[in-house]
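If you look up TrEMBL, you'll see 262-271 marked as compositional bias 'Low complexity'. The region 'Disordered' feature in TrEMBL is assigned to 260-281, 306-331. Taken from TrEMBL, the feature transmembrane segment covers 16-34, 54-85, 97-119, 125-146, 167-200, 231-249.
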Amino acid sequence: MSIADSFVAAYKKCSLITKLIGGFLILFYALSFFKESKKLLAITPGYFMPPNYYVWTLFTFIFYDDHWYCVIIDIVTLFFSNTLLEPLWGQRELMKYLLIVTVMSGLMCFFLCYFLYLFTYSLQIIFNTHIHGMIAYAAAITVAVRQTLPDDIILSLPIANIKNQHLSFICMLIVICMTLLHLVNFVYCFLFISGILVSWTYLRFYQKHGNGHHGDHSDSFEFARFFPNHLVPPVSIVANAIFSLLVRIRLCKKFERQLTEQPHQQPQSSPGHKTLSSSELRQLPVPDFRPQAVAATAAAAAVVASSTPTAAKLPQSSKPDAAGGGSSSTA
């Protein structure tokens with residue numbers, strides 16, 4: 001099956017809302033050729049805050065991208081989420097996830113630019129920095145993959161085995177390398193990191209499940225478990241300290257032990273979706289999206305490589321050992 005046939009087959013299987021979002025991505029890319037489109041559709045800190053109040057850009061920046069290869073990557077991200085998460089979560093929960101991650105990440109990036117301006121008084125930061133794209137949602141999908149799929153090896157290398165739990169960390173390193181090589185703006189890097197933090201926080205503490213519980217309190221979904229094993233202890237110290245502070249100021253609640261026996265539960269979704277237990281959810285067959293995904297990812301990688309002078313190298317990661325259990329009161 002050719003790459004074009006794979007895209008056509010994937011398009012036919014997508015839900016209506018996914019097709020609409022894909023259409024908006026293409027439409028906004030066409031609008032990017034107009035001179036004032038970036039100021040009107042992307043978040044520009046200097047125009048977002050008073051006295052201009054371009055607040056609508058908080059919802060339009062998601063669809064706007066002025067690089068065609070980034071649009072292709074965004075569409076591939078939509079394909080993954082539609083194929084992998086929508087059958088498990090339902091359309092309403094998936095759209096809620098997209099909205100929370102992208103809007104919160106956009107706001108975090110706006111406040112970062114504003115604070116940088118307060119320290120530097122550089123007008124370039126607030127008027128020449130444009131926040132746009134779905135890179136935060138791409139980061140959120142890697143977190144959802146970590147939660148939803150078994151911890152299988154997705155790529156076996158002579159120096160390391162890359163598992164689902166390392167996907168967010170490796171993608172983050174790739175984005176950081178691309179930023180250092182000036183292939184992408186620093187905004188993309190911060191949006192990606194914000195997407196990881198916001199999506200993990202939502203899935204860890206707030207996502208509502210059919211049994212009435214909120215979040216995934218399992219030890220295997222601790223924030224430190226996203227990192228290679230030799231980085232888990234120092235990351236755990238920092239994460240636990242932050243979590244204890246949030247509990248003390250009542251922004252988070254202490255975990256209850258009974259929830260640790262129910263990791264990766266299906267969230268409460270739209271009517272018609274049956275709530276499954278953890279064991280039942282793990283026994284479900286994984287949707288057969290790999291052939292199309294490999295083709296789509298190869299196409300995205302090819303267009304990015306053809307449009308950039310250099311490519312970011314995949315960082316090396318030590319081969320992970322068996323993951324150990326964590327404390328139920330850790331983040």
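Counting begins at 1 with the first residue displayed.
Glycine too: its Cβ is placed from the backbone N, Cα and C atoms.
Taking pairs at least six residues apart, the transmembrane segment (97-119) and the transmembrane segment (167-200) share three or more Cβ pairs below 8 Å and count as touching. Below 8 angstroms of C-beta separation, residues 97, 100-102, 104-106, 108-109, 112, 129-131, 133, 135-140, 142-146, 154, 223, 226-228, 308, 310, 312-315, 317 of the same chain, each at least six residues beyond the ends of the transmembrane segment (167-200), sit close to that stretch. The stretch in 16-34, 125-146, 231-249 that contributes the largest number of Cβ pairs under 8 Å to the transmembrane segment (54-85) is 125-146. Within its own chain, the transmembrane segment (125-146) has Cβ neighbours under 8 Å at 25, 38-39, 41-47, 49, 61-66, 70, 73-74, 77-78, 80-81, 84-85, 97-98, 101-102, 105-106, 109-110, 113-114, 116-117, 164-165, 167-168, 171-172, 175, 185, 187-188, 191-196, 198-200, 203, 221, 226, counting only residues six or more beyond its boundaries.
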